[in-house]
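The following features are taken from TrEMBL:
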DOMAIN    B:146-421  domain 'NADH:quinone oxidoreductase/Mrp antiporter transmembrane'
TRANSMEM  B:6-23  transmembrane segment
TRANSMEM  B:86-107  transmembrane segment
TRANSMEM  B:128-146  transmembrane segment
TRANSMEM  B:152-170  transmembrane segment
TRANSMEM  B:182-202  transmembrane segment
TRANSMEM  B:222-238  transmembrane segment
TRANSMEM  B:259-281  transmembrane segment
TRANSMEM  B:287-308  transmembrane segment
TRANSMEM  B:320-341  transmembrane segment
TRANSMEM  B:347-367  transmembrane segment
TRANSMEM  B:388-410  transmembrane segment
TRANSMEM  B:430-451  transmembrane segment
């Protein structure tokens, strides 16, 4: 395949990157002085005015480049005719920007768009644009809005680098920078210690996976003698199965970390400590999808490594059902959506394991749209109520009609009800898993486990979606005047609906969440589709029945004795803390005391010994010339013997 | 390339003459002192910049700007200087960091005098400080320019004396013990290294590093090479420092003044690793091959050990010092692989560490100056109190934990890549194990830096920290006197206080907090170049790699 030269991928990546720097450096230029405490009253308002002016400038710096990038990405994908949906290959479009010598395999700076990265670029830029616009309203009097929007721009740029990169190591750069932005944005309200802890956890857990990912890149790059993705994929048929299994297993560690898959999924629910738009953009629609994307990008390598696909299938099967059950028991609306994200990402991973990268990416796209929509709606609800907890919501459908309609579309897509987009993509995933049971890609046990788990998850998905929907928008209103919100929750506003900068992105995202399913060109398998719809309705019907019985009580009580384990997500966090965190901290304390007592103690001890020895030596310095001469002779003798022996 | 051979001499002569001029005691000099140091180191920086500009990049493997004069003819010791792709970045780094130290000391912050002339406990002795720093610069640049084994050793030793005084005179509370430990430890290492160098001389018959490197160990038996590598290696390892020879470092760093810490971490540690690249590995290839597994093992132990030690530290400066042990572990691992890519990575990590850790020590110094303590639990909410300082600290910590896109990443990544595919003489499974341990060390590195950031920059500003209003208390107590820090102020028992009184105190504290100066002008001037270079090398690693690759290939004898 020849690359058509085009500067567009570079422009799409570079624009948000430059916007990030401009936003950080220029938003407050010229620098406003902080008011002195004495004159705080008089200057307070002025300063407030100034930071609002800075926020406005930062908003323009953030939104405009993202909008241009989105337009370019759309144009690029349209020029290729959205080839991904038609399942045809196109020549990549992009350019080479030179090579970096390393002493072994060089790093090539290639940015290119093919069918897969073309559509994903559109998803990333559009969701980022929606979130940037939404954030203008959501954080309109946050003092730190400029840095916040700059970090989103940096994130957008990093994710686009992952999408368009033609080289594995360049991709890794974007991959890690995304993790950094995630860290910075989860910790946006760092006054609260728990937010700070959540940010650190997210970074460390993903970084643990990323080390494996980097080693996987080494294995592929050294065996293919190139880090270029195209060259690596061309060499896959020549690689031994052992190499492929090693490489893909290592890559899988990074995938599990980034896409919050079992066993590295624990950071994602905690990441909801960040502002809600961040949960929508990074922790639902784009960054967490990067793991799925990378498997699809290197899919030939994964297809050559069957054991890896089996592992992936088991991980996915465990993850999708476990996370869905955990979602059913959460009281925090954002944590429901977070566990739901883990579950849906496991669906995509399952689709990949079943051998259908197309279905997985299709679901990635629709999920990106409807989950971002759900989070933005949740943000509007939280903005209105002033709390994340569903036990403090209820009856909001009259107060927030637009949000209610949009959320309904989002949940319909999540449950997989026709005609919402999720219905079609979930159907193609289930079809792929169905095929895997009789196919040869997976071992029978793994395929069966995967398919059974997927069907069970459909039921649970229906249940938790219905529960969240009912408890938020129906039943008696529980909104009461709340005290001043803690840092970490949004500020309460008086308006009935959210401001237009928040509503417009919601309405615009509702369109693809509803209709994107038709882009795939209606390949329906009526049998599978019927089963999944019936199962989803079954799950939601049971919840509805319980809810009707007592609209105030939590329908999660259907879980009975399993409710607490589900709410605590099966105690994985506690197990990890006991197994890894505490031993490492204990070890580090041990190292510090050892360093002082043993390693440095030996040094100090040798100092004392030297002083003692010098006392002995002093005996030799008695002024006796004969003794000195014999000493010198003995030394010369020793040196001569040594020289003869070594010469 | 003889046209500019005066350049290396000038790089040494300018700071040396500058220092000697200070010995002439006109009292009038005191007024211009802060400009004086700035001017002299500025000239050195310009000379280094000329060198960088006129270096022939197509010939990075060849020694350029060479000067070869007989020095001690009786012994065959020659005054042989030169620069290639390996030493050029280090010379430039040294000139830059020294200049930035003078900027930090000498540029005022709007109230007239800079740090240099500010009174402190025990007298500030500004003239002696400028003198010391200039002599230090001579030694550091000389080490990177020298191409004669004994000349190298002379410069290597020259550095110790001014650094000793820097710690012992301008250091913190426990400065004497730290300085004595520093000098004894490193002198002991140097003696062992000198024995090794003399052994090489005795065996090979020459002290010329270029010629020795070109021979690739021919003429020396394996046993000789092993012994020589061991001796030279121990001397260099003390300086680097390699685990378990590192214990002088935390004390020296904690007690050294800010500029001392910056130069210690930024340049002095590099002299040890530079010795591996310039002498130990190319001159003694068989010895290196024999001992590389040990070097690699100690390197990865250092990575894990250093990271774990950081995780439990309370003192910010001590934590950064231990982080150097971990980072230098990556550098040594790169050398131990004996591959072009590994040594490239080591050299890259070297320069990156100089920039990043230099910046970190500047920041730690600034924090210690403001809070009069570097105890992490007593500093909280830095981002709320001093948002700009907190942001730069975040940047530096993230650069140091090896985030791709910043300078810290490429060196560590290439060192690990080298360990993935080590030289043929080495055991691959062993180095794969090293690679995995090193990778886990990278996670631990991220862990301690993030925990540090979480402790120091996040949260609400200190209920514990009692900040010092600028200029008043600080001037009297000096940054070293921790006894007057938070512990003393907190000693007021809460029992005899009413809640109102406590509330009032908190209010006062918050009032004081808002008086604390954020980044000052001279700090900005000293830090911005470092930040820019960290970004530059991170985004365009080819700048450095294209320079070192041919030189490393030539040293390893790889036919390119």
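Cβ atoms here come from the backbone N, Cα and C positions, even for glycine.
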- request: May I ask whether the transmembrane segment (B:222-238) has at least three C-beta pairs under 8 Å with the transmembrane segment (B:287-308), counting pairs 6 or more apart in sequence?
  value: yes
- prompt: Taking B:6-23, B:222-238, B:388-410, B:430-451 as candidates, which has the most Cβ pairs under 8 Å with the transmembrane segment (B:347-367)?
  reply: B:388-410
Stretch contact, the transmembrane segment (B:6-23) with the transmembrane segment (B:320-341), Cβ-Cβ under 8 Å, 3+ pairs: no
Message: Could you check whether the transmembrane segment (B:128-146) and the transmembrane segment (B:259-281) come into contact, where contact means at least 3 Cβ pairs under 8 Å with the two residues of each pair 6 or more apart in sequence?
response: yes
Field: For the transmembrane segment (B:152-170), distant same-chain residues with Cβ under 8 A (at least six beyond the ends)
entry: 125, 128-129, 132-133, 135-136, 138-140, 142-143, 145-146, 176, 178-180, 182-183, 186-187, 190, 193-194, 197, 209, 239, 252, 255-257, 259-260, 263-264, 268, 271, 275, 278-279
For the transmembrane segment (B:182-202), sequence-distant contacts whose Cβ falls under 8 Å of one of its Cβ atoms, 6 or more beyond its ends: 149-150, 152-153, 156-157, 160, 163-164, 167, 212, 220, 224, 227-239, 245, 247-248, 251-252, 275, 279, 283-284
- prompt: Other than its close neighbours in sequence, what residues sit by the transmembrane segment (B:259-281), given a CB gap under 8 Å and a spacing of at least six beyond its ends?
  reply: 86-87, 90, 93-94, 97-98, 100-101, 104-105, 133, 136, 140, 143-144, 149, 152, 156, 159, 163, 166-167, 170-171, 193, 197, 209, 212-213, 229, 232-233, 235-241, 252-253, 287-288, 317, 320-321, 324, 328, 331-332, 335, 338, 343, 346-347, 350-351, 353-355, 357-358, 360-362, 364-365, 552, 555-556
